[in-house]
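Trainee: Okay, so TrEMBL annotates it like this:
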type	residues	note
TRANSMEM	38-56	transmembrane segment
DOMAIN	71-128	domain 'Homeobox'
DNA_BIND	73-129	DNA-binding region
DOMAIN	131-332	domain 'TLC'
TRANSMEM	136-155	transmembrane segment
TRANSMEM	180-199	transmembrane segment
TRANSMEM	263-283	transmembrane segment
TRANSMEM	303-323	transmembrane segment
Amino acid sequence: MLQTVSEWLWWERLWLPVNVSWSDLEDSEGRIYAKGSHLFSALPCALCMLLVRYLFERYLATPLADVWGIKDRLRLTVEPNSLLENYFRNQAKAPSQADVRSLCKKTSWSERRIQVWFRRRRNQDRPGLRKRFCEASWRCMFYMFAFIYGAVALYDKPWLYDLREVWAGFPKQSMLPSQYWYYILEMGFYVSLLLSLSFDVKRKDFKEQVIHHTATLTLLSFSWISNYIRIGTLVMAVHDCSDILLEGAKVFNYATWHRTANAMFVVFTVVFMVSRIIIFPFWLIHCTWVYPLDHYPPFFGYYFFNVMLMVLQLLHIYWAFLISRMVYKFIFSAVRVSKCSCVYKSEEVGTYLWFTVSHCGSPVFCSWKNSVLDFFYY
């Protein structure tokens, strides 16, 4: 049974074009090819990532948070109530209006008191500001290191400047050491993110993040085994360049450097739109859809790889919509205070993020529900 499954899983027509077999990709004459067994290195790399992350957050990010005066907000604790606590844990963290009325009858509390209890109880479970700062700092440092490494590994490669070179000699393209370490580094990082989901900050786009990480690992694994390594390194570099700015904006936002955070977020928006809404679909996906047909007829791996790229692109469009909505609201709210010096103070209230803007001495309040800041900053 296992032998049959193994034979089907490694059937050459799933992974390779016609007239190409695994024997054609055996190491010979100084040429080394990518093999599925190389991917097992990603797991110990992920465990090392978790260790490095722990040391980074403990001995670098936490002291930096002390220097910048980043402290967890004091949150009011809820009144002990076993009935409400049981409802919160087993049914819903945000009861409907009908359930609030039902709970009022059972507890003899007012609706307002019930609502305040649930709001404070939700806030108690929110991760502290220092934890979010440490997590964002770690991701920012990784993406910066990975992008710099990728740029160094790619800058002298012809396929960076001419995408048709991606398929020159495919699939008999020997693996370079820089490509091996770039892949293992990226795969180890994304595996570590999946392993740390249980204790990382859980955001509102949690499901989308899981889909993204899973799709990324699937793409990296398949591209490695099928020797789609050249296009794989380009895809990784395109993704890392904008992620640096996003995590950096979070770091400065937590440190209350709001002008720096806003400026970095604007730059991130531009880079994200250019890299993932223009370059990724019109250059990279076009490269994987069109150019390979000049070298071999379509096969299963050709369709599978491109479908997975389209899944990533759908996520890019979803996030681009959220970012655009955020920028739209930011611009129109900024018009009201553009001629005055402003001081921003944020406070989490329920599912809303409230901003107090000192406008010529008069506070202006606005709430953005489920905004990009909710997704990315908090």
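Using the three backbone atoms N, Cα and C, a Cβ is placed for every residue, glycine included.
Annotations in TrEMBL come from automatic prediction, not curation.
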Trainee: Under 8 angstroms for C-beta pairs, at least 3 of them, ignoring pairs fewer than 6 apart in sequence. Is the transmembrane segment (263-283) in contact with the transmembrane segment (180-199) by that rule?
Mentor: no
Trainee: Averaging the per-residue pLDDT over the domain 'Homeobox' (71-128), what integer do you get?
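Mentor: The average pLDDT of the model in the domain 'Homeobox' (71-128) works out to 86.
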Trainee: Go ahead and report the DSSP secondary structure tallies for the domain 'Homeobox' (71-128): helix first, then strand, then coil.
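Mentor: The breakdown for the domain 'Homeobox' (71-128) reads 35 helix, 0 strand, 23 coil.
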